[in-house]
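Enquirer: Below are the features listed in TrEMBL for this protein:
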| type | residues | note |
| --- | --- | --- |
| REPEAT | 51-85 | repeat 'PPR' |
| REPEAT | 86-120 | repeat 'PPR' |
| REPEAT | 121-155 | repeat 'PPR' |
| REPEAT | 156-190 | repeat 'PPR' |
| REPEAT | 191-225 | repeat 'PPR' |
| REPEAT | 291-325 | repeat 'PPR' |
| REPEAT | 361-395 | repeat 'PPR' |
| REPEAT | 536-570 | repeat 'PPR' |
Amino acid sequence: MDNFCLNLARDKCVGSREALASLVHTFVRHSRLNEAIRVLGNMTLCGLNPSVDVFNDLLCALVKKTDFKNVLFVYKEMVKGGIVPTVGTLNSLLEVLFETNRVESGLNQFRRMNKKGCSPNVRTFEIVIKGLVLNKRVDDAVLILHEMLELKYQPDVCFYICIIPLFCQENRLEQGMQLFKRMRAANLVPNSVICRELVHCLCMNLHLDDAINILEEMIEIGEIPPLDSFVDVMNGFCEAKRYNEAMCFLENNCGNLVSPHKVLLEGCCKADNFFLGISLLEKMSKRGIADCDCWNILLGWICENASIKKAYELLGRMIVRSVVPDCSTYAALVVGNCNLNKYEDALELFHYIRSKFWVLDSKCYSRLVEGLCRLKRIEEAVVVYYYMSKSKCPLEVATFNLLIEATCDAGKVDEAVKLRSLAYYSGTSCSSVTHITIMLAFLKSERAKDVLVMFSQMVIGGCKVHAEVYCILIRSMCALNRFKDCALFCKLMINESLMPDSGTIHDLLSCLTNHSQLRLVSKDIDKIISGMDTLDSTMFNLLINGLWKEGCRSEARNLLDLMLERGWVPDATTHTLFVGSNVEGVTSRGRPTYENSMDEDNVSNILAEALG
């Protein structure tokens with residue numbers, strides 16, 4: 001192709017420019033854009049500059065592919081060839097700039113259009129406003145819209161179809177309605193997308209009368225409003241608690257539409273308006289539009305808020321009307337029985353659901369498992385969990401943690417591990433609490449090695465390591481006499497500005513003292529003491545004795561100073577250590593050598609004074 005173009009230019013064939021331009025158009029029409037760019041590049045290279053229409057045709061095709069790099073290349077070729085851009089050229093450039101999130105560059109090009117000899121048209125404003133809205137610069141988009149209207153531009157139907165929904169989706173009702181009124185004033189007919197988005201925005205802001213007017217206007221011009229719009233109106237009526245008007249609206253506009261009736265039925269239940277709900281359900285049933293979901297809405301509310309007896313009465317009426325109960329029906333009854341602590345009945349319903357290979361909804365599932373755990377009926381709770389997990393139904397995190405805790409409290413830590421493993425299969429989230437509960441159970445069961453296994457699973461799962469986790473690890477390592485690991489976890493904990501509890505500190509220091517390894521944490525002792533108010537005299541004595549025996553006498557003296565400052569008296573062992581080290585050199589006249597020493601520390605003086 002390169003050689004072909006060069007030969008055409010060299011031989012100065014008549015009609016070369018037109019032939020190559022036609023070739024570019026053909027490649028564009030068949031979406032062979034790389035070839036079109038190559039031909040165009042060779043044309044400008046050989047001085048056979050095509051018309052601006054050729055450039056614009058190719059630019060439009062590249063913009064549809066959001067090919068910023070090649071759009072920029074074609075535009076530069078145009079500039080190099082001295083081709084003056086048209087508003088169509090600049091519109092293509094603006095569109096690709098906004099679509100590739102180059103908002104500031106887009107605005108800069110928009111402001112410089114006049115300098116390039118072009119005035120923006122309606123399509124230009126459409127591109128800029130759309131680009132700003134989609135890039136979350138809605139306030140700037142509103143300013144551009146005002147600028148456009150002040151300049152007396154007359155938007156076309158494409159502008160309205162594009163921009164009105166965008167403003168409505170951003171809940172900019174004022175701009176949406178302003179453009180809609182202009183559209184109707186220009187005798188332009190809105191399509192279903194405009195009406196749906198505008199009605200939705202109006203209902204969100206409880207401008208229900210305006211929303212109904214738009215729906216009626218659509219019907220008058222022969223447009224069938226989308227079902228979503230009727231649903232939005234009903235949601236608005238329920239939000240505004242205008243139930244009587246909602247009933248009238250249903251009667252006049254939604255005779256056989258099920259979805260709007262369901263919305264009002266749900267609204268009645270949320271407002272605890274049972275009698276209006278049952279009245280509506282009866283009307284729906286007579287019209288033959290009350291399906292099982294409609295009955296379940298009211299049945300679910302009764303099970304949550306009224307007696308289970310009324311729920312069974314409604315179930316009977318439902319069956320009489322030849323409506324077959326489904327899984328949601330029985331799930332609602334399970335919740336109702338759980339609320340009344342009738343877990344035998346709830347389990348019987350669950351077994352029926354399982355026999356049908358149905359699955360419980362999330363609320364029912366959690367309520368049943370939670371209730372069984374609180375009643376210590378762990379085996380039944382585990383059965384429910386296994387069945388639902390095999391159906392890949394996740395359990396709420398809080399309820400799952402309750403199940404793990406109850407299982408561990410029952411001494412079934414291995415069962416708890418299986419439950420945790422199954423959680424990943426079912427999509428149930430395992431939190432730090434889940435792993436901590438199992439790790440504590442292992443520690444209490446004297447299975448310290450298994451604590452590390454569960455800890456590794458916790459880290460792999462991406463759970464955060466809390467202070468409690470470090471404490472469990474330290475105590476586990478103490479139980480295994482792995483004093484180096486004890487010190488390591490203690491250092492990690494302190495480095496993260498976390499402090500162990502007093503029980504963990506006691507186990508740690510006892511373990512290190514027994515193995516004469518207190519020096520492993522000698523540099524961290526000050527941080528531990530300063531960060532803990534619960535460290536008592538027993539722990540101080542333990543530390544002082546251990547450090548002294550390991551030869552860390554300076555650290556031991558410092559601790560004794562601190563101990564005395566807190567008003568605690570050293571025990572006999574600590575007392576003996578310091579007395580033996582400072583009063584062992586006594587003269588023949590019975591005078592201790594410390595009286596002649598000028599470099600004895602405060603601890604020695606205090607002990608000597610105590611000895612009289």
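Heads up, the Cβ atoms here are built off N, Cα and C, so glycines get one too.
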Enquirer: Six or more residues beyond either end and a Cβ under 8 Å away: which residues meet both conditions relative to the repeat 'PPR' (156-190)?
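Expert: Answer is 122-123, 125-126, 129-130, 133-134, 138, 141-142, 145, 197-198, 200-202, 204-205, 207, 210, 214, 217-218, 221, 223.
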Enquirer: Counting only residues 6+ away from its ends, which parts of the chain sit with a Cβ under 8 Å from the repeat 'PPR' (191-225)?
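Expert: Result: 160-161, 164-165, 168-169, 171, 173, 176-177, 180, 183-184, 232-233, 235-237, 239-240, 242, 245, 249, 253.
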Enquirer: What else in the chain is close to the repeat 'PPR' (51-85), if you only count residues 6 or more beyond its ends and a Cβ gap under 8 Å?
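Expert: Distant contacts of the repeat 'PPR' (51-85): 21, 24-25, 28, 31, 33, 36-37, 40-41, 44, 92-93, 95-97, 99-100, 102, 116-118.
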Enquirer: By DSSP, how many residues in the repeat 'PPR' (86-120) are helix, how many strand, and how many coil?
Expert: 25 helix, 0 strand, 10 coil
Enquirer: Averaged over the repeat 'PPR' (191-225), what pLDDT does the prediction give?
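Expert: Across the residues of the repeat 'PPR' (191-225) the model's pLDDT averages 91 on the 0 to 100 scale.
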